[in-house]
């Protein structure tokens, strides 16, 4: 509570003791009373004028206080209510009160946010100006006796009061400029301000506001016969007697409680001090090696112990042609196998018929293909190329894009920028020695006057750039951001030169005499970096710091390369030209881009020996990407030329020099290239019909992708034809049709898998990835269709040409007939003779598996270490000027991008509840928007929020206060009256009553808000909201309601992708908390969010896209391989390994995960299908006798063709352990028939009968293994003799069992009867025929029923193993 004045206390001594005490005190002060006299005034009234416009000296007066004139009652109540009592006898008149009010307008506007601070400040000035006890603590030390003017006074102030006032005010914020209010009121940065130098500054005549010299003296004890003014103060955490509440946390740190502490960072996941993933994968790999090596060694030892039958391969149970092999999966095919076989046969027949038709009717097919391609490519006339980064990387439905559109539609799009970063190669620093004694201040070379003049010359030249757009001249003024237009059309230029109003004269201005320099650009610079929003510095210059555009230039925006807040140590100047971004105005946007183009051209040609300048504009990145893309055209053409030469040479199977021009495939190579380009053009055209925009990735990458895929298919078709022998009586069209029936299913498998994988990649939210996937998928499939039609027809024509000995290209020229020889190509021989046999050796296969599993383990261990993001420098050409700009940006920049916390429509700002949920001043919620952002700024290293937000609502409340001179209107018209206007008809918006001092009512809130948003700040009212907030508030319904609004602050400095991603993540988290506290939607928006939002989910998107693609590949492979589940599993697993290894390579090469690398991973998935599917299908249809042989054949034939197609990405080195049983059964029966033509049963039928023998003899009758083995030997001997055929096969099998049972055991009569019954039932034969057939079998066996051990033991051991 404030202490009572002596005159306010009634003295009623009630005892003698009190009376004596009073007498004693009076005697004790007798000397003082005699020297000073009774309490009296030091001044009264105003006399002579001052140098400061509108102010006068106070008149010397030592008489008693005088009653105030009634005309000043309201002013006294407003300014110094403590004196508004009794007869109001004080030491000031109405004129002095009016001067006091005018002098305190700026402090009032900035400090009234905290009632305690403002009360203490008013106490200081009221006691100085009007106290009836002035003589106790004031002394007039310099009086002009002629004019009776007081030229100087000493003001004795208690140190306790001084400290308390400072402590109550030190945290008060200035929302519009994101700095503390003392930075604007102390003459230096708030961090350098303290209790005494603040008061000294306010009483110093050099500040431009103090009318005469006031010398403060600080002491808590009487000094020089004066009692310092030491009245009671209020702490910022206390409320006032008039009902005003305590200051908010934002303006009073003591009210905040404990400082926020960021959560601790999660420690890295380690095991025994090492990275956990590395340890886990290392242990897993070692465990795998242990088990794998053990299994391989065990299998090898087991095979060494196997005893082979003397019958050789035909009796070897491990041989596919063996009669002893009893694997049921190789005889009785399942339904899915039969279905797969039918499907395979249908595909073969379909493609064979189609291929024959294409060769028979080539002109029809080629002409039809051309017509379809041209019709599809016709859509290219509607082609639309998107180079806008926002359109490329941000989905229209993404959160960042929706929020950007919301921001743009309500507040206008974020401005464009042209920016310079200027350094100097010189090393000539300057040292400033202040006139007032103090330490010297070093100024770095870039801040010396000569360099600043040269930089100003450059800045002015840029401002005078004239561009041309559609025949019209365009200057910076036509497109620049001018926040105070139309009253002030000066462009916003965020430059340190704006501290000097962009004037050489102001930069050269000096105040001094022949001996000393009192003030120059050094002192003005030091003041302005501390108070950038000041309209009058404290030096002798009295120049403004505010820019010519009407706003402040914050030093952290205009300077770079300094340490802490030592701006004088800056090593770089940053000049930014904000340019209006015209969202829906094509003409205005064209003007802006034309000026930017001229700006870039000017800067490219700018050269100065003392300045090193890096620069960029809004269009620079897009221009440089386009330039690089244009330069890539020559690369694309050269690449296709090299491809053409390679294809022409590799396709041609040249047997001799004489036949070079006959055997070459130049025309076929040209056709293949044209088919690839046609498929790309058709894909682009089809999607262009549907107005799907193209991207540079589509144009540059897809031709190579389709070429890579298409070339593989070309080589497969051509080389299969070259290696094929035409069958007897087979025509060319039938041969090529048969070949197409063999290879087209494999091509369909790979192409359709790739198409589906690419189309599913279109599920990505990133437009660039989605567009690429759509165009690539369609182009690959169209390429496949053209290859099995148009290319096959061209192949037929070329084959006819070659058979007719006609020259390639020059088809009319024919060579004479000569002897032709046919041999395999070098690459095929290499694969067949060297590579495939080597890779598939028994000891090599385990090594290959171990190596590739090791690679997989390594890749898995580093998957979580791949960085996320995209370094902008990687997207620029090596010679781009933007690279220097990016480097300097990360080196010198000291502030991050602006961030806006947008409050969406619907919040009722007219209600106290709505206001308190947002504002940061007195009475606002502790968890309001402004308070939460302020709290976040206290731990900026964690939250990335650098400063307190600028709050239009808090500034509006200060602006509309009745004590302020800001809010006034013409009494006659109701129109707004600016504070600088002197007109008696201008009246305050709010009455100076207890009710008027409160926040405005709902009606007044909306009445005066448009006035606030149109008010330009001036020296009498620094709170005008036009410059700072005109675009921050969306007024609705003819200014009767408030829609969306924003509260702006800045991010901390961000230099790379992880910083930007963290900033986005933390801002959204903060906005989420604010929304929850307000129960209203608030989102954070910054210009870079649309580019970096993708990285919040890039890992999930990558995993989803690749997994969906793998699933699609699995399904397609399963179907097109004839429902071979395990083959599809192996293909999918192999591709998954390739993708994981690709990610491991990304870590090794420091490639980050982003949209571009995701496109490449999707493309890798498609290309991997191309190789794996061809090899797997070639393996599955091979008729070789063993898995190794089939793998060797597939690798030699198909592997060499794929490798010829420039696809040496990886090699299929592991042997697939599963083959389609239906295909294998068919192939083995054919091979068996070729080797044993005298045997009239198929191998599968023989094996089936042996299984029936085993089931009956061993499982149903319970005979021992030796008896069953004897039956097998009898049966095999009959087979080898050719005695079996379809009619007697079951009788022979039954007779063999009957004979073996009789020889192997002493059967009773009933046991023989039971055996015959079971034989009759099992084999479905007549018992009489069976009994009669026993003797012919015995004769065929030459009555030799007792078998030697070497014949029976192999069967016996195998039966023991299976049982």
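Cβ coordinates are placed from backbone N, Cα and C, and glycine is handled just like the others.
As annotated in TrEMBL, transmembrane segment covers the listed stretch 772-797 rather than the other ranges in 590-615, 720-745, 746-771, 772-797. Per TrEMBL, the listed range annotated as transmembrane segment is 696-718 (candidates: 696-718, 811-833, 834-856).
Among the ranges 491-515, 516-540, 541-565, 666-690, the stretch that TrEMBL annotates as transmembrane segment is 666-690. Taking TrEMBL as the reference, the stretch among 633-654, 875-896, 897-918, 919-940 described by the feature transmembrane segment is residues 633-654.
Through the fold, the transmembrane segment (1128-1149) approaches residues 852, 855-856, 858-860, 862-863, 865-866, 1106, 1110-1111, 1113-1115, 1117-1118, 1121, 1157, 1160-1161, 1164-1165, 1168-1169, 1172-1173, 1176, 1209-1210, 1212, 1216, 1218 of its own chain, all at least 6 residues removed from its boundaries and within a Cβ separation under 8 Å.
Counted over residue pairs separated by six or more positions, the transmembrane segment (772-797) shares fewer than 3 Cβ pairs under 8 angstroms with the transmembrane segment (279-302), which leaves the two as not touching.
When pLDDT values are averaged over the domain 'SSD' (632-797), the model yields 80.
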